[in-house]
Amino acid sequence: MEMTSAFTLNVRLDNIAIITIDVPGEKMNTLKAEFASQVRAIIKQLRENKELRGVVFVSAKPDNFIAGADINMIGNCKTAQEAEALARQGQQLMAEIHALPIPVIAAIHGACLGGGLELALACHGRVCTDDPKTVLGLPEVQLGLLPGSGGTQRLPRLIGVSTALEMILTGKQLRAKQALKLGLVDDVVPHSILLEAAVELAKKDRPSSRPLPVRERILAGPLGRALLFKMVGKKTEHKTQGNYPATERILEVVETGLAQGTSSGYDAEARAFGELAMTPQSQALRSIFFASTEVKKDPGSDAPPAPLNSVGILGGGLMGGGIAYVTACKAGIPVRIKDINPQGINHALKYSWDQLEGKVRRRHLKASERDKQLALISGTTDYRGFAHRDLIIEAVFENLELKQQMVAEVEQNCAAHTIFASNTSSLPIGDIAAHATRPEQVIGLHFFSPVEKMPLVEIIPHAGTSAQTIATTVKLAKKQGKTPIVVRDKAGFYVNRILAPYINEAIRMLTEGERVAHIDAALVKFGFPVGPIQLLDEVGIDTGTKIIPVLEAAYGERFSAPANVVSSILNDDRKGRKNGRGFYLYGQKGRKSKKQVDPAIYPLIGAQGQGRLSAPQVAERCVMLMLNEAVRCVDEQVIRSVRDGDIGAVFGIGFPPFLGGPFRYIDSLGAGEVVAIMQRLATQYGSRFTPCERLVEMGARGESFWKTTATDLQ
């Protein structure tokens with residue numbers, strides 16, 4: 001075989017063929033269309049060698065088997081027919097692997113996803129390592145697609161239809177022990193003996209498929225199947241609100257294969273794959289995938305980052321505890337927490353303990369590994385142990401004088417090279433750095449709550465922040481598992497600035513008589529994970545509204561909240577979920593009780609009359625203000641590019657991923673159409689809906705953001 005081949009064949013002395021997967025020049029193995037000829041050439045050699053006893057597929061990469069198919073292949077398809085042909089090519093290749101007359105085993109270490117799992121499913125047996133890096137799944141639904149190389153047909157027959165549907169519909173990834181329990185793999189072994197274990201399995205007859213559990217056998221029959229697909233269909237429709245066509249097609253294709261046989265199933269799979277590849281939802285989801293990949297590669301500045309050997313955190317509250325957890329347990333960097341109250345340190349340590357202990361209980365982590373990670377976190381009530389910290393993250397109250405004091409203390413007690421990163425959500429970084437002796441080492445690092453779950457961070461340099469400080473902070477965020485966007489030091493930064501008018505409009509509609517549940521349901525139907533009122537309750541009404549006066553002072557009355565509404569709510573001791581009462585009432589702590597709207601909220605805020613708006617009208621008012629503000633952020637270079645703007649909105653506030661972010665959504669509607677909608681709303685509801693100048697100009701010229709914009713902050 002050629003040296004540049006991604007698949008190479010070697011035959012051992014015991015007549016076991018080893019096919020090594022190693023895509024040249026890439027960290028991850030991904031399947032490309034041009035590899036088909038390489039695999040077919042190997043299959044031909046295997047068929048011609050009558051001495052062979054078995055075959056093993058193994059990866060040469062240190063941490064992945066095959067991470068999936070190369071998504072660029074789909075983008076290169078111009079029609080549904082071309083994408084369908086791509087799927088049929090994949091199906092045929094997998095069928096040829098499966099048709100080999102000798103046992104074929106997949107030796108899996110690391111990520112085995114998408115097309116990688118489909119290749120493993122085409123093998124007659126699978127062995128995987130017990131390493132935490134080893135995960136198996138079919139995540140195509142997250143790109144608005146379905147598995148196109150036989151996965152929708154082979155997986156249900158191997159592990160049962162209900163379990164397979166859960167995996168395919170959600171993109172759920174299984175760890176090794178889960179995969180073994182479900183029958184997805186035949187054995188789990190240490191990495192050091194993976195190849196030998198796979199070879200031993202290949203020397204035996206083809207592994208016989210293990211009998212499915214009784215429940216799965218019942219569900220595979222006509223009556224059980226009809227009941228299952230009806231129930232799963234309802235549940236899926238409720239979860240997706242009909243916004244993700246891939247889920248409907250997955251159900252259709254899996255059911256076709258079970259009811260009409262694999263031949264019909266494969267045919268339906270290929271056709272559905274081709275059609276889904278051309279949907280705007282899949283195109284938007286793939287754009288988010290590519291954009292997030294680019295952001296993760298972006299170093300933030302041209303300067304080399306400084307070393308990061310240890311980090312300090314000021315404040316042991318909820319944010320401080322979460323930041324300590326991702327720094328120690330995700331980034332693997334030693335962390336020291338300073339809090340004036342020993343109880344604060346204990347809370348922060350308990351935060352990490354709870355996260356890690358949950359992983360131990362779910363068998364995702366060994367107790368010894370938990371203890372090793374916890375040992376990276378320590379605490380103090382003074383600055384002992386801070387002298388040589390490379391970066392300090394401040395997570396204290398939103399008070400400018402306090403944060404300036406923290407800067408002074410860090411400069412006095414830490415090394416000359418130490419970076420000071422403030423987790424402020426609203427205060428200008430330039431003001432925090434105003435009295436610093438080393439202002440070039442002061443930067444904003446805005447996490448979102450809950451820290452361990454929210455993927456986005458905003459990195460905010462002020463005018464005097466050095467390029468190396470930016471690069472080092474970006475480096476830390478990536479190590480913490482975050483997707484960082486660099487934003488300009490202007491009031492509200494980016495995410496809170498586009499979120500505030502969206503929340504304000506929801507509150508304004510409440511005062512006009514719209515119901516809480518109706519507003520929230522309208523935005524969930526639009527595609528947000530939760531509605532704006534529920535979001536405010538979850539964040540904390542006191543916390544979430546604190547930024548409104550800051551934004552109003554900076555940008556004028558378009559950011560003003562309805563008069564006295566917020567103060568009335570806060571004066572009634574309503575903070576949201578954290579104290580059990582906000583717009584909603586919550587059950588006892590520790591119980592998963594249903595929240596319900598508190599009817600007392602309406603007289604409290606002076607709501608009058610009955611709501612008259614439809615769900616689309618409610619969503620339109622909230623979303624249009626968000627879009628308008630996002631365009632202003634591009635115009636003012638608050639964000640470096642529309643790419644960052646889309647990623648920030650999707651990862652920071654849950655803007656519907658299937659729409660691709662605010663800028664792709666504007667492009668899909670057309671800037672001219674957005675301007676027309678906003679002008680109509682301005683006539684009906686006031687000047688806050690006046691479209692910004694940039695949007696009007698683009699509408700007049702018929703321009704779109706993703707084709708014309710490439711702004712960069714200097």
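Residue 1 is the first one shown; counting continues down the chain.
In case you wondered, yes, glycine gets a Cβ from its N, Cα and C as well.
Residues or ranges marked as region 'Enoyl-CoA hydratase' by Swiss-Prot: 1-190. What Swiss-Prot lists as site 'Important for catalytic activity' is E118, E140, and the listing cites sequence analysis. The annotation region '3-hydroxyacyl-CoA dehydrogenase' is assigned in Swiss-Prot to 306-714.
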Chain-internal residues near E118 (site 'Important for catalytic activity'), provided their CB is under 8 angstroms and they sit 6+ positions away: G90, M94, L138, P147, S149, G150, G151, R154
Neighbouring C-beta atoms (10 Å sphere around the C-beta of E140 (site 'Important for catalytic activity')): 28
DSSP state at E140 (site 'Important for catalytic activity'), helix/strand/coil: helix
